[in-house]
């Protein structure tokens, strides 16, 4: 007979138990979180207020930055709190809520990346019809899908997480309530949870990635048909930032969620999780603005006005 425990809170073991490293990590991740907020909020505001950024590409990019803020804010503040706190606990409702929003915004991001790839295909493959086919109404419908579907899938996944049973062990070997770590420590209800996690993650990540791959196959065909070398260069430059973001984000997600939760995979997963919960949201504004003159100018003007007003 299993001795189930009525869990009211969990202990997050975090990245390390060494006090000197905890202090160092606190400073590093506080700086990373600050840069993430400034970069993504600055990009979102710049896109909304700048007339030259009034196009579908920037509309979707603004939503990606919005999702990045919430994605990072769901995990980082609690991680920072636990790095300087003696009691590194999270309540059971808090853990379930963290799981829900984490899964929701992961799916929101992967499908926004897919929508952005489709938008690039429409812009490069059908430039004359781009304005009419990617109208404001169409853009709103396209961007609504990631949010509605992402939160729906998250609700299903979180209900299965709520169905896990624990037998005394309340230590989560992670810095946030991650599904693989929870499955590893649970003593019942793990089979259906692990199956649904891997199935949903595999299907959704693969489906969204398939949309991106097909879009870029057609983009490549359209670019090769261009007679202008300058046009080909501009098209490649436009797609380069998006491809970089896709490669980093999908690579870490597949590594994290398509393996069976073992002690070794959970430990490795913590390092990978640092990348997609803190580093990628920080890098996205840099990646997308690096080769984009209009976006850099708009962000510079927005930040200059913000500091001058203060």
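Cβ atoms are placed via backbone N, Cα and C, with glycine included.
In TrEMBL this protein carries:
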{"type": "TRANSMEM", "residues": "24-45", "note": "transmembrane segment"}
{"type": "DOMAIN", "residues": "39-288", "note": "domain 'G-protein coupled receptors family 1 profile'"}
{"type": "TRANSMEM", "residues": "95-118", "note": "transmembrane segment"}
{"type": "TRANSMEM", "residues": "138-160", "note": "transmembrane segment"}
{"type": "TRANSMEM", "residues": "205-224", "note": "transmembrane segment"}
{"type": "TRANSMEM", "residues": "236-258", "note": "transmembrane segment"}
{"type": "TRANSMEM", "residues": "270-290", "note": "transmembrane segment"}
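Within the same chain, residues 15-16, 61-62, 65-66, 68-69, 72-73, 76-77, 79-80, 83-84, 278-279, 281-282, 284-286, 288-289, 295, 299, 302-303 sit at least 6 positions outside the transmembrane segment (24-45) and bring their C-beta atoms closer than 8 Å to a C-beta of that stretch. When each of the listed stretches 95-118, 138-160, 236-258 is scored by C-beta pairs under 8 angstroms to the transmembrane segment (270-290), 236-258 comes out highest.
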